[in-house]
Amino acid sequence: MVSLSLRGARRTAKDAASLPFLSWTLSLLALNPLLVSAKSAADYYVRSLPGAPEGPLLKMHAGHIEVDPENHGNLFFWHFQNRHIANRQRTVIWLNGGPGCSSMDGALMEVGPYRLKDNSTLEYNEGSWDEFGNLLFVDQPVGTGFSYVNGNQYLHEMDEMAAHFITFLENWFDIFPEYERDDIYIAGESFAGQHIPYIAKAIQERNEKAQMKPKWSLRGLLIGNGWISPKDQYPSYLTFAYEEGLITKDSRTAKNLEVLQSVCESRLEAGKNKIHLDDCEKVLSEMLTKTMDVSKNECINSYDIRLRDEAPACGMNWPPELTHMNYYLRQPELISALNINPEKKSGWMECSNAVSSTFRTQKSVPSVQLLPGLIESGIPILLFSGDKDLICNHVGTEELINNMKWNGGTGFETSPGVWAPRHDWTFEGEPAGIYQYARNLTYVLFYNASHMVPYDLPRQSRDMLDRFMQVDIASIGGSPADSRIDGEKLPQTSVGGHPNSTAAEEQEKKKMKEAEWKAYAKSGEAVLVVVIIGVIVWGFFIWRSRRHHRGYRSVYNKNMSGSSVLERFHSKRSGADMEAGDFDEAELDDLHSPGLDREHYAVGDDSDDEQQHQRQGSRPEGGQS
């Protein structure tokens, strides 16, 4: 009996027997939506990018990874594949600060391969950090930038943030397993100076528990103008202001600020385990107010003291590209290109007040307390500072280092009472800053740089990154820069050009040409081998056919066409000068030569062997059909 299914196809009794299994499978999928909704790397592939420069699009992936299913918490990422591989695969994770400020700042204004030229046009960043490392930008905590979460379920503490980030990495590596064994570096700036050490510690704890899973190879941390040690950073405001001439000592303004400073220091003594202290925030706020130009309604840019901004922003409107960012990242075409989930209802914002006001870290200790343990565990750490930043100035970072104890010493001492020297760094003939190193900690001070060092000095910042990652390569993607420490030329790193720069294009064309010639040479060799084999086979068949022809010609007779087999035999015998009377059965066997038989059937046998060989040759490797 034949019945019809709902889809109108013919279904037999055998098919009907499989229905329970089908129903069970559908029920399983219904109960496990992850089996249906699981995404692959293809779902995150960025196929186009509005305003991208002419030429091939860089290989990118972007989208959301769920980290909090209960509250639909999703972190947004934007990943760029490296342009060149040096001696090993590396992945650099970049985080901006806030808390609650988007890492799209880093992607489009600092270390990413593109910079915004205007509201809708991108241009290449000549100092992008993706030359020797895959770049992964993440908007975190949930609610930051393109990331989102239901309602007001924002995070409060550092351990929550770190747990979300570990979940993000686990899920991200499930989708992109080819990067899980990369050397991992975590970099960022500002309040990321709190995030990064906590994430690093969480990775170490995860690795200790990992049994069947690969351990993540955390190779280093880079923190720029970081908010790491409040007890060292808060008092540095006034010290830095005096050094830079923003405040005149013994002036009325100075005395007012010193009163606030003393209150702050007393709070710090009692609250040394606090990341944020309102009484200390008042010092900077009052400083910006007292140094205002009332006639112009301008105040010091707290991120770059060389600049002024309208009050009360005092730097919040900087850099000027922020105007372009706000427009570009809200375009429907861009939202579609970066695979933004429809659940993300609100438009992109650089910094979220909701995230910042909730993330108060009342139970979290400052990350400076984690640094010694991380360094002693073998993780190299690099702290770098732009010398024109006020809000996270270099004076506070240097004080942090001077007071910190790690690996059997205090600060940069190499032995009791002896400190590691400061080395002068020049880049392409110009003073670039200083380098200082001791016991697995490196400090770099950039001259003429703001809170966002890579924004001001992209090529110098990548030179720093490449040296920290121990990249040593003469010329890939551009001309190597002349970078020197105390006048001594350092190992070459390519920091001069983007893959679409003229030098890089010429280099790529040269490589392609060489590859083409190698391909032609290999093709020529293959063709020659085929021709030789063909000639040999052709010659063999010619020889075989002639031999057969001679054998058959000896029994050929013009008058044999209508004769019987016996008559043909007699004719052959007479043609061979044999007498008819000598005919017997044995002679017939002799004339019916086994050798001739084998030769006759050998042609067919060869053909069969050849067909079998052809079938074997056409089989895909691994036995796949």
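The backbone N, Cα and C atoms fix where each Cβ goes, and this holds for glycine too.
The signal peptide annotation in Swiss-Prot covers 1-38.
The N-linked glycosylation site annotation in Swiss-Prot covers ASN119 (among others). Within 10 Å of the C-beta atom of ASN119 (N-linked glycosylation site) sit 13 other C-beta atoms, taking all shown protein chains into account.
According to Swiss-Prot, the active site annotation covers SER190 (among others), on the basis of similarity to another entry. DSSP assigns SER190 (active site) to coil, not to a helix or a strand.
Listed in sequence order, ASN225, TYR303, ASP304, ILE305, ALA449, SER450, HIS451 are the same-chain residues six or more apart from ASP389 (active site) with CB atoms under 8 A from its CB. Look at Swiss-Prot and you will find ASP389 (among others) tagged as active site, backed by similarity to another entry.
In this structure, ASN440 (N-linked glycosylation site) belongs to neither helix nor strand by DSSP; it is coil. The N-linked glycosylation site annotation in Swiss-Prot covers ASN440 (among others) and rests on sequence analysis.
Annotation comment: Swiss-Prot describes ASN448 (among others) as N-linked glycosylation site, evidence class sequence analysis. DSSP assigns ASN448 (N-linked glycosylation site) to coil in the three-state reduction, outside any helix or strand. The Cβ of ASN448 (N-linked glycosylation site) has ASP387, LYS388, ASP456, LEU457 as same-chain neighbours under 8 Å, each 6 or more residues away in sequence.
Taken from Swiss-Prot, the feature active site covers HIS451 (among others), and the record attributes it to similarity to another entry. In the structure as shown, the Cβ atom of HIS451 (active site) sits within 10 Å of 27 other Cβ atoms.
Positions annotated as region 'Disordered' by Swiss-Prot: 479-510 (among others).
According to Swiss-Prot, the feature compositional bias 'Polar residues' maps to 491-502.
According to Swiss-Prot, the feature N-linked glycosylation site maps to ASN500 (among others).
Look at Swiss-Prot and you will find 523-543 tagged as transmembrane segment.
The annotation topological domain 'Cytoplasmic' is assigned in Swiss-Prot to 544-625 on the grounds of sequence analysis.
Taken from Swiss-Prot, the feature region 'Disordered' covers 588-625 (among others).
For 589-603, the entry in Swiss-Prot reads compositional bias 'Basic and acidic residues'.
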Inter-residue Cα distance where the pair is ASN440 (N-linked glycosylation site) and SER190 (active site), in Å: 22
Mean of the pLDDT scores, which run from 0 to 100, over the topological domain 'Cytoplasmic' (544-625): 40
Other C-beta atoms that fall within 10 angstroms of the C-beta of SER190 (active site): 25
Protein Cβ atoms within 10 Å of ASN440 (N-linked glycosylation site), excluding its own: 16
